[in-house]
Amino acid sequence: MTGLRQVIDAAARELTAAGVNSPRADALELAAHAAGVDRGRLLLLDGPDDASFLARYRELVAARARRVPLQHLTGSAAFGPVTLSVGPGVFIPRPETEALLDWAVRHALPDLGPRPVIADLCTGSGALALALHHHRPDARIIAVDISDAALEYARRNTAGTGIEVLRTDVTAPELLAGLAGQVDLIVANPPYIPAPSVPAESGLEPEVARHDPPDALFGGPDGMAVITAIVDRAGVLLRPGGRCAIEHDDTTSAETVTAFTGTGRFVDVVARRDLAGRPRFVTATRLGRGHQDSGHQEGLTR
């Protein structure tokens, strides 16, 4: 126990010196991964008397100190109720997106009838699609992305669930044309960071700038290119009363609201915050019979 704790303490100091944001937690997670045990059982081990464990652990810590993402080293990422396989070439799910998931679970899914149709646009690893399937296994869920690398992970993560994984450009005017007017819920975590004029000046953490695919991060000069296309297509795909939730950069909440209201096809357009209190996603309802336009909410809500 004492020897293992000392090894982990040394690793945490190395990660602190490298600028890692959560050095102690990452040192523990990597030790559990190297030992092949759950983190909760890690300190029940007798100690680091296994030379192969020490070699694996030192290699992992050194990679993390080089700012390789923790999830790339462990091969997995937790997202809400599910754990996903991730690695190079696919966007790592973020805790911020769990606020959008929570909204969908609390406010959208309960209102849907049997066998609803849900589209997860820019699915990446399949995080939102798989988490929504966990809560509504009866739903028909279509997960869409254009990246072959991302789709490889999405198919692996959703295998056996019945989720339909499609390679399609979400900005294409013909996106999911066969489902026009039939979709009950659209969720999207698209590329939305405003692209810097000089890539080296993005201001992103090394784990993101060096390892997340740029096409999953940047949404054009103002960050709105993909968002605007999804909003336009959502107006066609959603049934009357269908709901849409789109994540955005914390600087483009107003622009995302305007994208919805400007179509004339949506009501109840609401800007919402993530778990850290930052502007993070906008929800809207497709206009239809029985809906009166209540405008949009100027303030931000959880």
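The backbone N, Cα and C atoms fix where each Cβ goes, glycine too.
As written in TrEMBL, here are the features:
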BINDING   D145, N189  S-adenosyl-L-methionine binding site
BINDING   N189, P190, P191, Y192  substrate binding site
DOMAIN    6-75  domain 'Release factor glutamine methyltransferase N-terminal'
DOMAIN    117-192  domain 'Methyltransferase small'
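Location within the structure of each feature annotated in TrEMBL.
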residue : record                               : Cβ neighbours (10 Å)
D145    : S-adenosyl-L-methionine binding site : 27
N189    : S-adenosyl-L-methionine binding site : 26
P190    : substrate binding site               : 22
P191    : substrate binding site               : 23
Y192    : substrate binding site               : 27
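Spacing of Y192 (substrate binding site) relative to D145 (S-adenosyl-L-methionine binding site) is 15 Å (Cα to Cα, whole number). Rounded to the nearest whole angstrom, the C-alpha distance between P191 (substrate binding site) and D145 (S-adenosyl-L-methionine binding site) is 11.
Following the DSSP three-state reduction, the secondary structure of P190 (substrate binding site) is coil. Straight-line distance linking the Cα atoms of P190 (substrate binding site) and D145 (S-adenosyl-L-methionine binding site), rounded to a whole number, equals 10 Å.
D145 (S-adenosyl-L-methionine binding site) falls within a strand when secondary structure is assigned with DSSP.
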